[in-house]
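Asks: Quick paste of what TrEMBL says about this protein:
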- 20-40: transmembrane segment (TRANSMEM)
- 61-77: transmembrane segment (TRANSMEM)
- 89-108: transmembrane segment (TRANSMEM)
- 139-157: transmembrane segment (TRANSMEM)
- 163-182: transmembrane segment (TRANSMEM)
- 231-250: transmembrane segment (TRANSMEM)
- 270-288: transmembrane segment (TRANSMEM)
- 300-319: transmembrane segment (TRANSMEM)
- 343-364: transmembrane segment (TRANSMEM)
- 385-404: transmembrane segment (TRANSMEM)
Amino acid sequence: MSPLAHGVGSDAGLPLPLDLVLQAGAATVVLSFLIAAFWWRTPRLKPSPPRESGRLAVLRYPVLLLALYITGLALAGPRGTTNPAAHALFVWLWVGLIPISIVFGPVWRAVNPLRTIFTLLGLPRHGLRPLAPGRPRSSWPAAAFLLVFVWFELVVPHHGDPVPVGLFLLLYGLSQVLLALLRGEEWFARGDCFEVYSELAGRLSPLRHRQPLSGLAPASRDPAPTSGGSALASAGLAGFVAVWWGSTVFDSASASPVWTGFVDRAGAPLFWGSAGLVLLCGLVFLGVRWTAGRLDVTLSLIPIAAGYTLAHYLSLLIVEAPRGFLLLLGQPAGRWDVSPSPAMVAGVQITLILIGHMLGVIVAHDRALAEAGPKPAMAVLADELPLVLLMIGFTWAGLFLLFVR
């Protein structure tokens, strides 16, 4: 696969001992759990009204013009590595949207070019066939579109060529607008994978939410959803996070010598890549749902997914994002000479993964306390143990895959 799928260079030689890193990762998760158990005895996370992000609306039309220009450039511009289309899709949007949303909140909703096109075309706001009031609205459509996107990025051959990128952008935008015509403008909030992606990462934003981690608090303190509609919405959000995190793990695993050797021997890389991606995302989803039981801990997975995504694509973001701007400005020979040392990259990557898991443990513990009711404290902690073990496994997997790429 191309560097745009995996980042720049290789982290196979991270200048840190693997065994000590894995031990530190497990110890961090366990210590976070113990600290939360002894010092976090009542639910503290409460949803608070987010700050408005209306000022970002002034960027709607510039973002629309840039999106149209990138799509046109992909389809009719120069072929090869001098075309910035792949950088725009795989680096600026897929990777860059995470840190921007973590800082400023769900920015993509405010500047989404598909929403702007929907408005400019004067399409009916509520759609031609809107969902009936009371029908469940889940993120399963966004999870499906995200799976298609990561399949295109990680599995499809020649995905970095400008024409396939342009065709993907065109078909994705057309399908989203047509579905919004059918279901109304609210479709984008649950069907556009990049808007849902930004919204979830934006829940970590300190500028968006007045109280730390309040964006990861459930909308209510009611027990875990048991009705059909609520359960579907909860499962849809869990499915989206599973595809998000699982696809990033697959990106690392598919670059390992074990996987590449297997595919070389077996042949049919498209089939095995597709099967491996779907299987890994499915295993993450089932693992979370099974270990959590009735406890809805989907929101606690957001910092884990965000931390690992930033860690995995850190080099890509630092090196290739500025290069994409040079290509956009017509300077293919321009140079971006920032090359962080391997030790610095490794340290930041490990820190991002561990911080994400620490926050995940705290949020899951708070959710368990909120849903415990009259249960004794030890019973609540016992209910959390399977989830803590799963998070230790996630931590080990994330750290280990940094070494095998």
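Glycine too: its Cβ is placed from the backbone N, Cα and C atoms.
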Asks: Go through 61-77, 231-250, 300-319, 385-404 and flag the stretch with the largest number of C-beta pairs under 8 Å relative to the transmembrane segment (89-108).
Replies: 300-319
Asks: Suppose I define contact as three or more CB-CB distances under 8 A, residues 6 or more apart in sequence; do the transmembrane segment (300-319) and the transmembrane segment (385-404) meet it?
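Replies: Touching, yes - the transmembrane segment (300-319) and the transmembrane segment (385-404) meet the threshold of 3 or more Cβ pairs under 8 Å.
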Asks: Can you work out which residues elsewhere in the same chain, 6+ from the ends of the transmembrane segment (231-250), have a Cβ less than 8 Å from its Cβ atoms?
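Replies: Non-local partners: 136-140, 142-143, 146-147, 150, 154, 190, 193, 196-197, 200, 224-225, 276-277, 280-285, 288-289, 296, 298-299, 301-302, 304-305, 308-309, 312-313, 394, 397-398, 401.
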